[in-house]
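Q: Below are the structure tokens for one structure; questions will follow.
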Amino acid sequence: MLWPCLLALLLSQLNFLCAARPGPGPNFLLIMADDLGIGDLGCYGNRTLRTPHIDRLALEGVKLTQHLAAAPLCTPSRAAFLTGRYPVRSGMASHGRLGVFLFSASSGGLPPNEVTFAKLLKGQGYTTGLVGKWHLGLSCQAASDFCHHPGRHGFDRFLGTPTTNLRDCKPGGGTVFGSAQQVFVVLPMNILGAVLLAMALARWAGLARPPGWVFGVTVAAMAAVGGAYVAFLYHFRPANCFLMADFTITQQPTDYKGLTQRLASEAGDFLRRNRDTPFLLFLSFMHVHTAHFANPEFAGQSLHGAYGDAVEEMDWAVGQVLATLDKLGLANNTLVYLTSDHGAHVEELGPNGERHGGSNGIYRGGKANTWEGGIRVPGLVRWPGVIVPGQEVEEPTSNMDVFPTVARLAGAELPTDRVIDGRDLMPLLLGHVQHSEHEFLFHYCNAYLSAVAWRPHNSSSVWKAFYFTPNFDPPGSNGCFSTHVCMCHGHHVTHHDPPLLFDIARDPRERHPLTPETEPRHGEILRNMDAAARAHVATLEEAPNQLSMSNVAWKPWLQLCLPSKPHPLACRCAGDG
């Protein structure tokens with residue numbers, strides 16, 4: 001039995017060495033889910049959702065059990081994934097309340113001078129494609145400049161949405177502007193209503209006789225506030241929820257019927273068109289972010305409502321794309337990677353109060369915070385004949401690692417004019433090294449350094465120190481339900497001095513902070529981590545803030561519409577799909 005095992009190992013190493021030579025390397029299929037929790041997949045312990053096709057990747061490849069997103073929100077995490085750099089380096093981390101782009105006509109986005117893995121691979125002769133969600137900006141100064149468009153960042157083909165999927169994009173899905181509604185609608189209406197009532201009572205009691213025009217102005221102000229909000233919600237969907245093929249809008253607003261099937265079909269078409277040339281396909285699902293949707297054959301079929309239906313439909317789509325690889329004879333020369341952009345959104349509730357977020361398994365917290373539930377994500381890597389199937393890697397890894405891994409396998413040189421924070425995964429996946437190359441990882445909440453993780457090579461521990469943590473609301477819960485997601489500053493957080501210390505190798509639930517009494521090296525560990533944090537911060541160079549209020553605000557001159565409806569307020573029309 002020993003000789004077959006040794007022969008298989010030798011062949012895998014020879015295949016890897018051949019693939020690492022200059023020239024065309026393997027093909028790449030990179031799959032990213034949106035808001036998927038690590039506890040939502042069978043291969044990570046879920047027993048009530050059916051994910052056989054994703055689980056197949058775990059059986060036929062490597063399962064990363066401590067795979068971490070570089071940020072707990074969509075936009076910054078995706079920027080880090082594409083560039084291999086912490087999002088704060090590219091200005092893709094917010095200093096304010098809003099950490100993502102909500103409007104298609106915002107001027108912020110992934111800066112044109114950033115290098116993505118798609119750009120690198122184009123230089124190596126690869127054909128590159130993006131199917132699905134982008135969420136990294138569209139235009140800068142004019143609607144037609146497309147400075148942030150996927151096509152400007154190395155993708156030869158783009159079919160999907162330049163923004164994201166939101167509740168407001170689907171009729172009946174509710175709205176993400178509930179908290180804003182309280183500030184900008186309910187509060188002003190209450191104040192104006194109180195003023196109107198006070199004037200009426202004063203007039204009735206004979207205490208004062210306010211002029212009639214004051215009544216008129218107050219009523220007009222109430223009508224203006226209410227009307228503006230209704231108009232905003234009415235036009236938000238067509239203005240921000242649409243599909244593009246390359247640089248052309250094909251459907252506005254997005255029709256969710258058959259959407260996942262269409263994305264899977266486009267992915268299959270891309271594979272067939274490029275079967276004879278090296279390719280990179282980034283399949284970026286709109287599942288399982290709200291608004292939830294599923295075709296009739298999946299709707300109502302899971303044990304977890306609309307969320308579970310979306311997970312199972314996405315798994316079906318993964319299976320369709322993997323089957324296409326098999327039919328084309330491309331599976332053995334294609335590295336497949338699957339992940340989520342961050343943890344599940346635990347505060348996400350449906351219009352009727354039902355749970356619409358996923359599961360982060362045993363891990364605390366979720367989307368928008370740096371507890372493990374917000375940043376620990378699925379990580380599956382398959383490459384038949386090269387990566388030994390059925391492995392588990394427990395070392396800390398990052399979604400930023402995809403950038404240098406893909407670059408090296410494709411024979412591309414990494415940029416030398418900037419810091420690359422990701423590390424090549426292949427030595428770890430092949431068993432050439434036993435420890436992660438990430439001795440330290442830095443966890444940001446927007447642009448603020450929230451926590452540091454340390455994996456010392458002379459220990460089995462993984463230390464994690466929090467400089468601040470979110471204030472869950474209501475207290476004792478596992479999220480920030482009053483604000484829909486946790487905030488990163490001000491009264492929304494609690495700062496810790498000394499930092500809150502955990503050993504997540506022994507306490508992955510982050511329930512038992514260590515103290516000098518429970519950990520004799522407590523002070524030494526924190527000093528080492530603080531020194532690493534200061535050294536890291538010293539490498540940061542100031543970058544224009546792409547998520548400033550001026551950059552995330554809606555700009556009418558950047559609004560795109562179908563050619564038949566050129567005015568920004570007349571975008572409510574469907575294309576041919």
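The backbone N, Cα and C atoms fix where each Cβ goes, and this holds for glycine too.
Okay, so Swiss-Prot annotates it like this:
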type: ACT_SITE; residues: Cys74; note: active site, nucleophile
type: ACT_SITE; residues: His135; note: active site
type: DISULFID; residues: Cys140-Cys147; note: disulfide bond
type: DISULFID; residues: Cys169-Cys241; note: disulfide bond
type: DISULFID; residues: Cys445-Cys488; note: disulfide bond
type: DISULFID; residues: Cys480-Cys486; note: disulfide bond
type: DISULFID; residues: Cys561-Cys571; note: disulfide bond
type: CARBOHYD; residues: Asn46; note: N-linked glycosylation site
type: CARBOHYD; residues: Asn332; note: N-linked glycosylation site
type: CARBOHYD; residues: Asn458; note: N-linked glycosylation site
type: SIGNAL; residues: 1-19; note: signal peptide
type: TOPO_DOM; residues: 21-183; note: topological domain 'Lumenal'
type: TOPO_DOM; residues: 208-211; note: topological domain 'Cytoplasmic'
type: TOPO_DOM; residues: 234-577; note: topological domain 'Lumenal'
type: TRANSMEM; residues: 184-207; note: transmembrane segment
type: TRANSMEM; residues: 212-233; note: transmembrane segment
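Are these features on the surface or tucked inside, and what are their neighbours?
A: Take the CB of Cys74 (active site, nucleophile) and look out to 10 A: across all protein chains shown you find 25 other CB atoms.
For His135 (active site), the number of other Cβ atoms no farther than 10 Å from its own Cβ, over all displayed protein chains, is 26.
The Cβ of Cys140 (disulfide bond) lies under 8 Å from the Cβ of Ser107, Gly109, Cys147, His148, each of which sits 6+ residues away along the same chain.
When secondary structure is read from DSSP and collapsed to three states, Cys169 (disulfide bond) falls in the helix class. Taking a C-beta cut-off of under 8 angstroms and a sequence separation of 6 or more, Cys169 (disulfide bond) has the following same-chain neighbours: Arg237, Asn240, Cys241, Pro253, Thr254, Tyr256, Ala291.
DSSP gives Cys488 (disulfide bond) a coil state; it is part of no helix or strand.
The Cβ neighbour count for Cys480 (disulfide bond), using a 10 Å radius and every protein chain shown, is 22.
Secondary structure at Cys561 (disulfide bond), taken from DSSP and collapsed to helix, strand or coil, is coil. For Cys561 (disulfide bond), other Cβ atoms within 10 Å of its Cβ number 20.
Cβ contacts within 10 Å of Asn46 (N-linked glycosylation site), excluding its own Cβ and spanning all protein chains shown: 21.
Asn332 (N-linked glycosylation site) falls within a helix when secondary structure is assigned with DSSP.
Shown in sequence order, the list is empty: the chain has no residue 6+ apart in sequence with a C-beta less than 8 angstroms from the C-beta of Asn458 (N-linked glycosylation site). Classification of Asn458 (N-linked glycosylation site) by DSSP places it in coil, neither helical nor stranded.
When averaged over the topological domain 'Lumenal' (21-183), pLDDT in the model lands at 94.
Within the chain carrying the topological domain 'Cytoplasmic' (208-211), a Cβ under 8 angstroms from the stretch's Cβ atoms is held by residues 199, 202, all 6 or more beyond its ends.
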Q: List the same-chain residues at least 6 positions away in sequence whose Cβ sits under 8 Å from the Cβ of Asn332 (N-linked glycosylation site), in sequence order, or say none.
A: Pro384, Gly385
Q: Going by DSSP, is Cys74 (active site, nucleophile) part of a helix, a strand, or coil?
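A: Going by the DSSP assignment, Cys74 (active site, nucleophile) falls within a helical segment, counted as helix.
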Q: Looking at the recorded positions listed here (Asn46, His135, Cys445, Cys480, Cys488), whose Cα lies nearest to that of Cys74 (active site, nucleophile)?
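A: Nearest listed residue in space: His135.
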Q: Can you tell which of the recorded positions His135, Cys480, Cys561 lies nearest to Cys488 (disulfide bond) in space, using Cα positions?
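A: Considering only the listed recorded positions, the nearest one is Cys480.
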Q: Where among the disulfide-bonded residues Cys241, Cys445 do you find the Cβ with the fewest other Cβ atoms within 10 Å?
A: Cys241
Q: Just the number: how many Å between the Cα atoms of Cys486 (disulfide bond) and Cys445 (disulfide bond)?
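A: A Cα-Cα distance of 9 Å.
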Q: Specify the nearest of the recorded positions Asn46, His135, Cys445, Cys561 to Cys480 (disulfide bond), where nearness means the distance between Cα atoms.
A: Cys445
Q: Between the disulfide-bonded residues Cys147, Cys488, whose Cβ has more other Cβ atoms within 10 Å than any of the rest?
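A: Most Cβ neighbours within 10 Å: Cys488.
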